[in-house]
Amino acid sequence: MELLRGLGVLFLLHMCGSNRIPESGGDNGVFDIFELIGGARRGPGRRLVKGQDLSSPAFRIENANLIPAVPDDKFQDLLDAVWADKGFIFLASLRQMKKTRGTLLAVERKDNTGQIFSVVSNGKAGTLDLSLSLPGKQQVVSVEEALLATGQWKSITLFVQEDRAQLYIDCDKMESAELDVPIQSIFTRDLASVARLRVAKGDVNDNFQGVLQNVRFVFGTTPEDILRNKGCSSSTNVLLTLDNNVVNGSSPAIRTNYIGHKTKDLQAICGLSCDELSSMVLELKGLRTIVTTLQDSIRKVTEENRELVSELKRPPLCFHNGVQYKNNEEWTVDSCTECHCQNSVTICKKVSCPIMPCSNATVPDGECCPRCWPSDSADDGWSPWSEWTSCSATCGNGIQQRGRSCDSLNNRCEGSSVQTRTCHIQECDKRFKQDGGWSHWSPWSSCSVTCGDGVITRIRLCNSPSPQMNGKPCEGEARETKACKKDACPINGGWGPWSPWDICSVTCGGGVQRRSRLCNNPTPQFGGKDCVGDVTENQVCNKQDCPIDGCLSNPCFAGAKCTSYPDGSWKCGACPPGYSGNGIQCKDVDECKEVPDACFNHNGEHRCKNTDPGYNCLPCPPRFTGSQPFGRGVEHAMANKQVCKPRNPCTDGTHDCNKNAKCNYLGHYSDPMYRCECKPGYAGNGIICGEDTDLDGWPNENLVCVANATYHCKKDNCPNLPNSGQEDYDKDGIGDACDDDDDNDKIPDDRDNCPFHYNPAQYDYDRDDVGDRCDNCPYNHNPDQADTDKNGEGDACAVDIDGDGILNERDNCQYVYNVDQRDTDMDGVGDQCDNCPLEHNPDQLDSDSDLIGDTCDNNQDIDEDGHQNNLDNCPYVPNANQADHDKDGKGDACDHDDDNDGIPDDRDNCRLVPNPDQKDSDGDGRGDACKDDFDHDNVPDIDDICPENFDISETDFRRFQMIPLDPKGTSQNDPNWVVRHQGKELVQTVNCDPGLAVGYDEFNAVDFSGTFFINTERDDDYAGFVFGYQSSSRFYVVMWKQVTQSYWDTNPTRAQGYSGLSVKVVNSTTGPGEHLRNALWHTGNTPGQVRTLWHDPRHIGWKDFTAYRWRLSHRPKTGYIRVVMYEGKKIMADSGPIYDKTYAGGRLGLFVFSQEMVFFSDMKYECRDS
């Protein structure tokens, strides 16, 4: 009892010491998160379970959103501790579900706009991520190979000291990490007023899944002491590296002074006064004497245990029948028993004797088992008779039996093996009640049959004794039967039924017919007899006299049925198929005329040939496939019409495209009918495809393509950076895009004012950052180097910018070639460049960037195709491309004769090219006038991206309209677009305000593809492309964000951009400005501005220096939209079918928002109107 009292005193002293105020100089400071949130045993969102440490509670996280935050005052205490120690030590024991991502700890803003700091265990990547929200960006520091989400208990120790972080898992030291700013910059002193500390709760889908225990912040100690307390013997060596390494010249942040939970009343913590504590110290001195006595007793017990252990270590012995035997010693007890000693255990084994097949066996001296001895006597083979059995009846008459056995293997035996006799013990006393009893069973009877299945029977009598004086009769059956089986009985055969009579041998005059039967009812078996009788039977048939046949003279038409009557008359049936008549006279039917669509009609010709009899269809025309029916009669022709379909090698498998290429069907009029195109991740001519890492359409290695086919078969001169134009100014085999010095003048391109001209002197007279060697206006400042007429003389110094022969000061369209200088509205701006040629508007203001001046822009567009009604050549039929091939002012979409040759479009074999003669030499349905060039633009259909639009033949963004979406303010620069590859590649080089680069080609249905690449690791914002562009307020946009982030300016609306690909429709009531800017940044819907059609649910952001390939399909007629993004050869994101009919087509362009060095390479658009 004294010992227990002393231990209790020690415990109270420890509790008081561990809760002292900072001035008391304690050596430990612990902030247990689960204690701080109130209730360390239970609470919402968590359930108490058994943990790794049995002395402290563990919690299974069921719903982290319900777990309350740490109170503000406690959080403020913790912040003060962080500032005092310039860091912290974070401890946690966890058992995390396998391959999950979960937040251990997070500091989130109270306005729910995001997290400021979080510690996340990323089981999918095998890392521990520290996320810090810094001004203008977010830093994520990942400790690699932190395998925590294994389903097993793990213990982490995270030591953060200013801008350094060191992680320990159990006793293993992981790699260290460096923060962009000291930790005090994140854990500011006023942080508790704007943020709260949460445990296990993270962003969407980032809540912790598993069990947590001992989640604590520790101050006033070192990681070395913590790891040593955990039993990590090597913790000293592990920690010396970080403790002795001064960061940025500062002293170590973790000090030994204690900062714990604040309190004002010491006695409230300890529960004892100082006098009481003093008396406890005196009691402890008495306890010391008791402990010393206890130590002496324990020492004596220890010595006795040692003696007992030494005694047990002696060699084992065995004792048997009073005799001592050594270990492994063997001895014999008698002739049938042997024993041995094994580890102090006596094991004995008896000899097992076999059963002897004789009655005269004896055991020889010294042996254990008996032996049989031979005998020649017939009686010697028998064993002695057994004792008689008890009498079967206890009173009255009964029977007794005895038996003997014969050694038939060694002797011959004669006589019976069983003897039976009657017995009579006493007379039955019939004066008292007696229950009946069964006698012994009789022997089994012989089988009831001699063959097959039968039964055998045995009986017993109720006479042992018999019931008397109303005694109970015997219970049970008096007879017992069981089956017996003999050899199978023979089965005699039996006849089956007769078959029907067969056909008579003649129809008249007496003939014979026959029938038969089988011996199968049953079939003879097991020696049974065969059937008796005949197998077949005959009888006379058709005994009547034969009539006179009038059809023997063939009076009917060949193939018509002839019916003869007994009186010699006859009658003809219908004409055979393919003929018509009365059966006597028949003529051929012209199936081709009677059924005008029996065969394929091509170019107005019914491809059917009549024969006598019948008809046959001609083979399907060239480039068509189908059946070639033939037959007789109108009914056959109507039921078996010929169908010829245009042949499609892409579906019938007759193409020769590479397995890594896609077969694109061009139509049966094209020659060839298909084009092979390598899939994303591959490049080549489609027949041969090779690996293409940067997705710019050029293979990593040279390909052996067909003769003279070098396009996209040569090795990529920049295999890791998209450059679809393969520009190489100095011809050194390294593309300009990845060549640091394109002109070999020893001046790096990023500092060379003429990167493509050798100019080591770098002279720049006009100081426009364009060297004199390559400056198209060397004496006029013009950094943009604009040259409208492409004559080598820049616009800044040209006297005639557009090259129309009219000097600039007298030219009413300085940038547009217009010799006639027509100016209908007399506003000083020529009609060729006037955005309102019929209304006076010298300022040319165009607020919505739709190429229509505000003066004449009414934005009334009933068919939503981007062209207002009074300027739309089909105001009631959507036709965004405004195609009008006969230039009659009526668009092709609503013109029944597009080429004005007098042949309606539905019968014109050249719909866009005048050919009133409709000449078609090869009969393929395509007129000679438009053979292989349907729109007559001198570009073969196989190479024409829009074969039905004369105005569009190739992808070209060399001319584009720059559209700022936030034109006011100077927070960032305007986009800077660099054009390459004849307009098929554009690069945006600066961090800029939101803006578009929109081409001038207009489309209805379109496919748009290209390669997306970010060539920098700076920034993480938006880039993408637009389609269906009609104005700066009306367009579709596909935009991609790398990481989730709130826009820095919350006015006029808060904007939260989530990582991942988005498809949005812009229909802004305000147009470009801060409202549209914030709405574009925001992932979601903003009324009156932007509506999100789809966002990637996996929130996958783009990666730096990684090539992606996009494919857009837009069909305005049905509203179908689909965006697919490839990463290498695999699909990374797929929107699936989206349906939206807001806009019926428009222009294509590119989009950037606060993101630099965006490459749009190998771009390609194709019309899909037909």
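One-based numbering along the chain as shown.
Every residue gets a Cβ built from N, Cα and C, even glycine.
These figures come from a predicted structure and were not determined experimentally.
Taken verbatim from Swiss-Prot:
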DOMAIN    56-270  domain 'Laminin G-like'
DISULFID  C406-C413  disulfide bond
DISULFID  C447-C484  disulfide bond
DISULFID  C451-C489  disulfide bond
DISULFID  C462-C474  disulfide bond
DOMAIN    492-547  domain 'TSP type-1 3'
DISULFID  C551-C562  disulfide bond
DISULFID  C592-C608  disulfide bond
DISULFID  C599-C617  disulfide bond
DISULFID  C620-C644  disulfide bond
DOMAIN    646-690  domain 'EGF-like 2'
DISULFID  C650-C663  disulfide bond
DISULFID  C657-C676  disulfide bond
DISULFID  C705-C713  disulfide bond
REPEAT    727-762  repeat 'TSP type-3 2'
REPEAT    822-844  repeat 'TSP type-3 5'
REPEAT    845-882  repeat 'TSP type-3 6'
DISULFID  C946-C1167  disulfide bond
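The structure, with features from Swiss-Prot marked on it.
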residue : record         : Cβ within 10 Å
C451    : disulfide bond : 13
C462    : disulfide bond : 17
C474    : disulfide bond : 19
C484    : disulfide bond : 17
C489    : disulfide bond : 14
C592    : disulfide bond : 19
C608    : disulfide bond : 24
C657    : disulfide bond : 21
C663    : disulfide bond : 20
C1167   : disulfide bond : 20
Query raised in the report: Cα of C946 (disulfide bond) to Cα of C676 (disulfide bond): how many Å, rounded?
Result: 17
Query - Subset of disulfide-bonded residues (C447, C462, C599) lying within 10 A of C620 (disulfide bond), CA to CA, in sequence order - result: C599
Query raised in the report: Looking only at Cβ atoms, how many others are within 10 Å of the one on C551 (disulfide bond)?
Result: 15
Report task. Between the Cα atoms of C447 (disulfide bond) and C489 (disulfide bond), find the distance and write it as a whole number of Å. Result -> 14
Report task. Report, as numbers and ranges, which residues of the same chain sit near the repeat 'TSP type-3 6' (845-882): CB under 8 Å and 6 or more residues beyond its ends. Result -> 834-836, 838-839, 889-894, 949, 951-952, 961, 963, 1002-1004, 1028-1034, 1071-1072, 1116-1117, 1141-1147, 1167, 1169
Report task. Can you grab the distance from C663 (disulfide bond) over to C676 (disulfide bond)? Cα atoms, rounded to a whole Å. Result -> 5
Report task. Starting from each candidate's C-beta and looking 10 angstroms out, tell me which of the disulfide-bonded residues C413, C617, C650, C705, C713 has the most other C-beta atoms. Result -> C617
Report summary line: Around the Cβ of C676 (disulfide bond), other Cβ atoms within 10 Å, all chains included, total 20
Query raised in the report: Given the disulfide-bonded residues C413, C451, C474, C489, C1167, which one's Cα is the least distant from that of C705 (disulfide bond)?
Result: C1167
Report task. For C644 (disulfide bond), write down the residues of its own chain that are at least 6 apart in sequence and whose Cβ falls under 8 Å from its Cβ; none is a fine answer. Result -> F600, H602, C620, P621, F624, T625, G626
Report summary line: Same-chain residues at least 6 apart in sequence with Cβ under 8 Å of the Cβ of C562 (disulfide bond), in sequence order, are C551, N554, P555, C556, W570, K571, C572, G573
Query raised in the report: How far is it from C617 (disulfide bond) to C474 (disulfide bond), counting Cα to Cα, in Å?
Result: 99
Report summary line: For the repeat 'TSP type-3 2' (727-762), the DSSP helix/strand/coil residue counts are 3 helix, 0 strand, 33 coil
Query raised in the report: Just how many other Cβ atoms lie inside 10 Å of the Cβ on C599 (disulfide bond)?
Result: 27
Report task. Taking only the Cα atoms, work out how far C451 (disulfide bond) lies from C484 (disulfide bond), in Å, as a whole number. Result -> 10
Query raised in the report: Between the disulfide-bonded residues C447, C620, C946, where is the Cβ count within 10 Å the lowest?
Result: C447
